[in-house]
Amino acid sequence: MWSLSRQTYFKPQNEHIELHRKRHGQRLDHHERKRKKESREAHERSHKARKMIGLKAKLYHKQRHSEKIQMKKTLKMHEQRKTKQKNDDKTPEGAVPAYLLDREGQSRAKILSNMIKQKRKEKAGKWEVPLPKVRAQGETEVLKVIRTGKRQKKAWKRMVTKVCFVGDNFTRKPPKYERFIRPMGLRFKKAHVTHPELKATFCLPILGVKKNPSSPLYTTLGVITKGTVIEVNVSELGLVTQGGKVIWGKYAQVTNNPENDGCINAVLLV
Amino acid sequence: MALYNFKKIMVVPTSKEFIDITLSKTQRKTPTVIHKHYQIHRIRHFYMRKVKFTQQNYHDRLSQILTDFPKLDDIHPFYADLMNVLYDKDHYKLALGQINIAKNLIDNVSKDYVRLMKYGDSLYRCKQLKRAALGRMCTIMKRQKQSLEYLEQVRQHLSRLPTIDPNTRTLLLCGYPNVGKSSFINKVTRADVEVQPYAFTTKSLFVGHMDYKYLRWQVVDTPGILDHPLEERNTIEMQAITALAHLRSAVLYVMDLSEQCGHTLKQQLELFNNIRPLFANKPLLVVANKCDIKKISELTEEDKKIFADLTAEDIPVIETSTLTEEGVMMVKTEACDKLLAARVDSKMKGKKVHDVLNRLHLAMPAKRDDKPRPPFIPEGAKVGRKTMEVDAPKRKTERDLEMEMGDDYVLDLQKYWDLMNQDEKHDVIPEIWEGHNIADYIDPEIMKVKEELKVKDEEMQEIRQLAKQIREKRKMKIVCSKEKDVHGPRMPRTVKKVERKTLEKEMGGLGLDMTGKDAVSRFSFSSHYAVNARRSRSVTVLKKRKREASVAPTSRTRSQSASRPPRDQSGVRDPKMAKKAKKLMKSQQKDMNRQGKKGEADRHVFDLKPKHLFSGKRKSGTNDHR
């Protein structure tokens, strides 16, 4: 049966490619060509790797490097399977080499005295923080001079150039009198806090800035730089004290430069 | 309502590819050079541009994906249902939703970072912000890996779906697997559906087209349906159910008389009753297939009763065999007629028909007298109509002859020629005869011309006589001149010198005014004009060339050259003029030579600054070939 229209072309439907292959087979030299093409691949890849230049080459080499590492690992795994290995699990926990057999383990007294020392440290306010030493930020770095006045001669205003936190109930002072300008674009409310043991990161609202290591002025202003200790709302995590009370605020220390990254990353202080 | 074309959906890239493409595009299409000492607003603008460019690219590509893929609410319910069956509506909507969310997230990221960049006071800070922004956007895309993969697979499958028009005339084939639906569609249309002895060979819908009564008809082949409740049906069967449910078509329920499909007639009847509700409002036909193995009359009483019942319910049952093609045409015509009637009925009941009916008027001529005036149908039309009828004996075609004779068959088209002398049919026709190409002389009107010629014969006789005489005389003249004794080579007439007197006499006789000095000079091509002096010592520069037959040139070759001067001397009066002419020539050529042209016809325009060598960024590499 043929149709009346002039153009009677074949409209491929569903699996027409596979059907064609089933009915007509493939080219007579198909397998030969396929084999040759696959064997040429190694040469072409090496030619490409040698001749590429520029950014493209950097990206390609990086990717290729990681591929090769994977290949090496797999090969090594296969090799390990073939050879016999020393079984390390047989040595029990706490086993001590011969020359240490005479020493005794830590006594209970030592444990108690350690506890007392820690309590004293906490009282003194000396915290064990992930970043003990941070680069101090000078005033010219953090505060920018804003010139005002009819002839732009007065230079008593300052604008904060780093990320800062202002509370919920914050209202500016009248613009004529405010000395420190904290621009809205640089105000952040949330921080990405990582729990060091769980290794999980949560986006938690900031409650306040506890201490800025560079200067107490920054602490009062709420400036957040690297190394600042902030207080975050951890009610999300559902932590409970031994007494049964729900913990909803904890301290965290900022680990990145927020003004460069656009976000505040912090590590929870447990 | 957007118009969707399932075959024109753009390829959905994988997430890795997507990121690579966009980032490399940003790197190529935005400026790359920036220095620390530039003004801060310039640095900011530079990096903001990159962030916005990346965001724009992502946004555009994702929006295109979202618009290309059809919204299940916008397309015909048949296709919506089919897509639900094949791809799962929820999964599909979720995937597109995720893409939409990603698009919005990327927009937000870009907005935030552009806002932050306004406070960037150093190149390092702006650069880090740009890096963070781009990284964030790419992370969002990385998370879309699964959705993108799924959408790509959907796109590929969607583009290969058969284009079924849900509104046009359709015949739908349904029944158990292996009953002969695909064979039927292969016979009736040009669709090439696979036919195999195992069940579920057809795994999806196929469409074929055919013509009947000058209209285009769709025939849809479905995968077989088994008899179990709707909930237990798998994807393949659901496609058939979807087609049954949504297409307004004539349904052809195909049954296997020989029970070779593996199901008894009773089971087939069961299935028929189960899917009866789907046949509501559709013209129905039962096709009893494989009748070459077993006819209805050869069945048992019970089975015969089945068919009798069906016929009693006004459902036509037609025996067919797709192998011998018996009954296939009948099924086709029955089904098409029924469907057409049903469609016309529904159109008549509708509201739109009145617009057309109001404008139609069938005029019946009023009877004048008692003379009967029936419609006149010419004989040829009657014969033609008869041949169009089904099951009329066809004339024997060449093909049939070929099949009969097998290897002995030779195609001999000359046996159909209509010649005056029938014996000459198989004569060999030469192509060239007596040096002439016969094809040049073929004239379909040759007989007519011959007749006309016969009439003119009388006059022609005299003219022929005269012509013959002229010819003879001319030949004589030639022979005479050939016999003339000429010493040396034969010179053409133009070389000979003509005496002035003879010239004057002849031309005067013909009526030309030969008085005056200039008259004669008209007939010489070198009279006014100088003859090249250095070429021959015998020929001198003369103002007027004297006609002296006695002064013969010293040598023949010289006389030849003297009588036909070279081109740069023809028309040139004197050396002064010659010099001027040469100067003119050279001055014209100067311009062409300077531009390196071959001549005055050379208008080639060279591409002195090809674009590919001068545009684009200059990376490492030379400018010679880039």
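Cβ atoms are placed via backbone N, Cα and C, with glycine included.
Note on the domain 'OBG-type G' (B:169-340): its mean pLDDT in the predicted model is 89. According to TrEMBL, the feature domain 'OBG-type G' maps to B:169-340.
Annotated coiled coil per TrEMBL: B:446-476, in sequence order.
Look at TrEMBL and you will find B:542-626 tagged as region 'Disordered'.
Annotation source TrEMBL lists compositional bias 'Polar residues' at B:552-563.
The compositional bias 'Basic and acidic residues' annotation in TrEMBL covers B:565-577 (among others). The residues of the compositional bias 'Basic and acidic residues' (B:565-577), classed with DSSP into helix (H, G, I), strand (E, B) and coil, number 3 helix, 0 strand, 10 coil.
The feature compositional bias 'Basic and acidic residues' is assigned by TrEMBL to B:588-610 (among others). Beyond the ends of the compositional bias 'Basic and acidic residues' (B:588-610), by six or more residues, the same chain brings no residue to a C-beta distance below 8 angstroms of the stretch.
Annotated compositional bias 'Basic residues' per TrEMBL: B:611-620, in sequence order.
Within the compositional bias 'Basic residues' (B:611-620), the DSSP-based counts of helix, strand and coil residues read 4 helix, 0 strand, 6 coil.
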